[in-house]
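What TrEMBL says about this protein:
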- 7-192: domain 'Ketoreductase' (DOMAIN)
- Gly13, Ala14, Ser15, Arg16, Asn91, Tyr156, Ser157, Ala158, Ser159, Lys160, Ile189: NADP(+) binding site (BINDING)
- Tyr156: active site, proton acceptor (ACT_SITE)
Amino acid sequence: MNLVEKKVALVTGASRGIGRSIALRMAQEGADVAFTYLSSVEKGEALVKELEQFGIKAKGYRSDASDFQAADQLVTDVLADFGKLDILVNNAGVTRDGLLMRMSEEQWDSVMTINLKSVFNLTKAAIKSMMRAKSGSIINITSVVGISGNAGQANYSASKAGIIGFTKSVALELGSRNIRSNAVAPGFIETEMTDAIDTKAVEEWKQSIPMKRGGQPEDVADACVFLASDLSRYITGQVLQVDGGMLT
Ligand code: NAP
């Protein structure tokens, strides 16, 4: 299948984990892929070679998604390098967990800036060319905890809930221009982000999931390909949970 053939996708935070999988699946389905990373320079360079094996054009950019000017420059560079931008996947994200009683202002601000402001930065920069093209698919990676909340993650949950409100607002503003805006809400996905969690807590968590296992980055990537492709042409403003039934 070539579900996104001849399209150009930009994926933020693709050096590792879910973003890396999204970039690879987009390439496998025929898209040219631009992606970003922040600190993992070697992994970013290695990914370009892996992506090119699918016979598509690929380029990595070292760019901080939380920086408004850098995001604008990134989209300018992607348009210059690839000629257009059809798909934006706002994936870059971090956790800085702690109970609210002990959470610092820096913990709050950094998570809100990296997780939520980045989505504003990239989307604002990308929609100019999408509006001219009268076509586009924006996919924002939120989390089930943006719907349910989570003890110890007030900052992270708030940033992910903010992404859902932003996603729906963009869908309302830009639907008439044939630009779709959807969110994907992963549950527990096995990446470096979740490796940091205590093993016993992880096992208990998995047992509470109806499908009795954690998800893989590919499970999230497949949902993104669907939302990027014409298979989802009449779907906008939605939150697609990829969580094995964790939050029903
Ligand atoms: P991860 O393995 O920690 O990877 C995070 C990625 O984001 C890395 O590529 C990192 O780049 C990049 N990044 C971080 N800050 C950045 C910035 N300021 N600018 C650009 N890139 C930046 O995380 P993951 O588990 O794959 O998570 C990916 C997304 O899914 C996040 O938004 C996360 O909140 C969401 N999510 C994950 C889970 C889960 O269970 N894993 C569940 C729900 C939602 P460097 O390598 O260069 O630092």
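The backbone N, Cα and C atoms fix where each Cβ goes, glycine too.
Features as recorded by TrEMBL, highlighted on the structure.
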residue : record                       : DSSP (3 states)
Gly13   : NADP(+) binding site         : coil
Asn91   : NADP(+) binding site         : coil
Tyr156  : active site, proton acceptor : helix
Ile189  : NADP(+) binding site         : strand
Overall pLDDT for the domain 'Ketoreductase' (7-192), taken as the rounded mean
98
Quick one: which of the recorded positions (Gly13, Ser15, Asn91, Tyr156, Ser159, Ile189) have their CB closer than 6 Å to ligand 1?
Gly13, Ser15, Asn91, Ile189
Name, in the order they occur in the sequence, the residues of the same chain whose CB lies under 8 A from the CB of Gly13 (NADP(+) binding site) and which sit 6 or more residues away.
Gly19, Thr36, Tyr37, Leu38, Ala65, Asn91, Ala92, Gly93
Which ones in the same chain are close to Ser15 (NADP(+) binding site), with CB under 8 Å and 6+ residues apart in sequence?
Phe35, Tyr37, Leu38, Ser40, Lys43, Gly44, Leu47, Gly60
Could you measure between Tyr156 (active site, proton acceptor) and Ile189 (NADP(+) binding site) for me? Cα positions, answer in whole angstrom.
16
What are the non-local neighbours of Ile189 (NADP(+) binding site), defined as same-chain residues 6+ apart in sequence with CB under 8 A from its CB?
Gly17, Ile18, Gly214, Gly215, Gln216, Pro217, Asp219, Val220, Val242
Could you give the maximum C-alpha to C-alpha distance in Å for the residues Gly13, Ala14, Ser15, Arg16, Asn91, Tyr156, Ser157, Ala158, Ser159, Lys160, Ile189 that bind NADP(+) per the record?
25
Neighbourhood of Ser159 (NADP(+) binding site), C-beta criterion under 8 angstroms, separation at least six
Gly93, Val111, Met112, Asn115, Leu116, Gly146
